[in-house]
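One structure is given below, encoded as structure tokens.
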């Protein structure tokens, strides 16, 4: 049976890429597309929004009215909207691919609670390459982490509203966990003025916002006399969209639980 997917935030940059990815993938189809209430895009054809021509699927604003048209929601929007979508999924037995970043601790707790009743993949980044980088960072941290200064540099387009990026924070979490550190204690998110000497246990973050940068992340493991850099650069949002569709196919066989792309890609067995 073909898996039917719904895209929320269908008119956004990521939403349009997701529509394209769904249409190009095998075994799935676009069941519904949504925008926020009052959007000028309500009633527009989802295919035309994505540059694919008419698909006969009109952008809607009420998930409940369209709930019989899809099995899984893909959500790359903003925390306040995503929390409402999570409630909908729990109440209506729908599964969720969640790519929204910028959740506070309460939001993350709500996601975990919802996963006790439905199946959710929650990842800061759906790129296969980035998730491979997470594993490489763990390996590098084991070898060099206690003897080097660790810095994470990320760059994104001017429209991104949260900083550091969710991916950069995930990188920091993977490193901190490997080293037995707490990112809330050891993370350094800004430097200005007289900061004093750097602590060896610091995990530093630097953020760039400029033009149309899709997403770039570089992690330094810097020791005296040498530096190892692990980088990932995305040139198209399609890498994230294709990963999200891949995650949706994988999630179709799950009933409840909170998963990430490590589970989807079976990276724990590397």
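Glycine residues also receive a Cβ, built from the backbone N, Cα and C atoms like all the rest.
Same-chain residues at least 6 positions away in sequence with a Cβ under 8 Å from that of residue 156 (active site, proton donor/acceptor) are, in sequence order, 165, 208, 209, 213, 214, 215, 216. The DSSP secondary structure for residue 156 (active site, proton donor/acceptor) is strand. Sequence annotations record features per position, and here Swiss-Prot assigns active site, proton donor/acceptor to 156 based on sequence analysis.
The Cβ of residue 160 (active site, proton donor) lies under 8 Å from the Cβ of 209, each of these being in the same chain and 6 or more residues away along the sequence. As annotated by Swiss-Prot, active site, proton donor applies to 160.
What Swiss-Prot records for 9, 10, 11, 12, 13, 14, 35, 99, 100, 101, 123, 124, 125, 126 is NAD(+) binding site. Counted within 10 Å of its Cβ, the other Cβ atoms near residue 123 (NAD(+) binding site) come to 26, all protein chains included. DSSP assigns residue 123 (NAD(+) binding site) to coil, not to a helix or a strand.
Residues near residue 36 (NADP(+) binding site) in space but far in sequence (CB under 8 A, at least 6 apart, same chain), listed by position: 9, 61, 81. According to Swiss-Prot, the feature NADP(+) binding site maps to 36, an assignment based on sequence analysis.
Of all Cβ atoms in the protein chains displayed, 27 besides its own lie within 10 Å of the Cβ of residue 167 ((S)-2,3,4,5-tetrahydrodipicolinate binding site). The annotation (S)-2,3,4,5-tetrahydrodipicolinate binding site is assigned in Swiss-Prot to 157, 166, 167.
Across the residues the record lists as binding NAD(+) (9, 10, 11, 12, 13, 14, 35, 99, 100, 101, 123, 124, 125, 126), the two Cα atoms farthest apart are 22 Å from each other. Considering only the binding-site residues 157, 166, 167, the residue whose Cα is spatially closest to the Cα of residue 100 (NAD(+) binding site) is 166.
Here the binding-site residues are 9, 11, 166, and the one ringed by the most other CB atoms within 10 angstroms is 9.
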